[in-house]
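Down below is the structure, laid out as structure tokens.
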Amino acid sequence: MSAANDKLPDILQDAVLKASVPVPDDFVQVKGIDYSAATATDMRASDLVNSMKTMGFQASSLGKACDIIDEMRSWRGKHIDELDEHDRKGQFDDAGYQKTTVFMGYTSNLISSGLRETLRYLVQHKMVDALVATAGGIEEDIIKCLAPTYLGEFSLEGKSLRDQGMNRIGNLLVPNDNYCKFEEWIVPIFDKMLEEQEEYVAKHGKDCLDANTDVDSPIWTPSKLIDRLGKEINDESSVLYWAHKNKIPIFCPAITDGSIGDMLFFHTFKASPKQIRLDIVADIRKINSMSMEASKAGMIILGGGLIKHHIANACLMRNGADYAVYINTGQEFDGSDAGARPDEAVSWGKIKAEAKSVKIYADVTIVFPLIVAATFANGKPLPKN
């Protein structure tokens, strides 16, 4: 206490002028960006994010997410030649070293938005190993190959839009004609898939019951259906196209919860009494096996709900992910899975206690392009690990 305050009552000295303990040496000072500095002019994304690490609040979480993603991408284990035959599982880099298996999940609205191009870039360049999406995240990717989505306003009146045949997704507009084009495109594919399925069943009988026995067989699973759509669309703007081309599985356990579900429903009337059958059990075995075989597992979760939990639950099968980055606006006060912080997943064994993890409370369309620019697309060699 300074001499100027030595006449204050003791209660004020104790309450208002309470002394601090010494600050530990490892404390980081809060510091923002000095835009008067020459280095701040036309700053690279990676430099901007690095400067934001000491800013506090969600800016610091964004910086931490970039560090986690860099470590997730750069980790390397043993060379495949050092491993016994039964241990040669999981993902390997081009030089033959073990690397992290990266699971990325995203909700349908992100494909409806311009984030689709960012997600496509990651799949095109094999920067992720498995995807989990909602049904809308599948169909909207295809629909955008057939017709565009437009910018609108959040405030547009629903009744007026309905009268015009315009569907609103936030401040995006999708003409209903787009879904009619989607139906015209997908029904012949369903016809062909049903024909292939029935021919295979007739030929193989009981031997065709296991969808995992022959990954190329027309015993369909949601991921096989999605792969087929990626093959058929044959459009380089599509996430599904690049996932098919690069053999990156896309899992969608709620494949019927969207326009694809409508089309499958309509197709049952056309094809009755036959119908396309999708084996969801084969897909849960596939994604859980990918997790169990991973040398290390990383999660990048864009949004919440089904896509978040499906990846986290797969990582439970290996006693937790090693890296986790969540980006969503969900709050935990209502007990929702979307709102839960990574530490809640630790309690379930879905993220390891010693894992590197962070949650960014933000709109994914704002922060994820910046994260990708600062990490996956920064043009620099991977940090050595």
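The backbone N, Cα and C atoms fix where each Cβ goes, and this holds for glycine too.
Per Swiss-Prot, the feature NAD(+) binding site maps to 108-112, 134-136, GLU140, ASP257, GLY304, 329-330, 363-364; the stated evidence is similarity to another entry. Of all Cβ atoms in the shown protein chains, 22 besides its own fall within 10 Å of the Cβ of ALA135 (NAD(+) binding site). A helical conformation is recorded for ALA135 (NAD(+) binding site) in the three-state DSSP classification.
Under the heading spermidine binding site, Swiss-Prot lists GLU139, GLU140, ASP262, HIS309, GLY335, SER336, ASP337, GLU344, ALA345, VAL346, SER347, TRP348, GLY349, LYS350. The Cβ of GLY349 (spermidine binding site) lies under 8 Å from the Cβ of LEU316, ASN319, GLY320, each of which sits 6+ residues away along the same chain. DSSP gives GLY349 (spermidine binding site) a coil state; it is part of no helix or strand.
Annotation comment: Swiss-Prot describes LYS350 as active site, nucleophile, evidence class similarity to another entry.
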Just to confirm: which same-chain residues, 6+ apart in sequence, have a Cβ under 8 Å from the Cβ of ASP337 (spermidine binding site)?
GLY304, GLY305, LYS308, HIS309
Number of Cβ atoms other than its own within 10 Å, given for GLY304 (NAD(+) binding site)
20
Please name which of the recorded positions listed here, GLU139, ASP262, ALA345, SER347, LYS350, is nearest in space to GLY330 (NAD(+) binding site), Cα against Cα.
ALA345
Tell me which residues of the chain lie with their Cβ under 8 angstroms from that of ASP262 (spermidine binding site), as long as they are six or more apart in sequence?
none
What three-state class does DSSP give GLY304 (NAD(+) binding site)?
coil
Near the Cβ of SER347 (spermidine binding site), how many other Cβ atoms are there if near means within 10 Å?
10
Which whole number of Å gives the largest C-alpha distance between any two of GLU139, GLU140, ASP262, HIS309, GLY335, SER336, ASP337, GLU344, ALA345, VAL346, SER347, TRP348, GLY349, LYS350, the residues noted as binding spermidine?
38
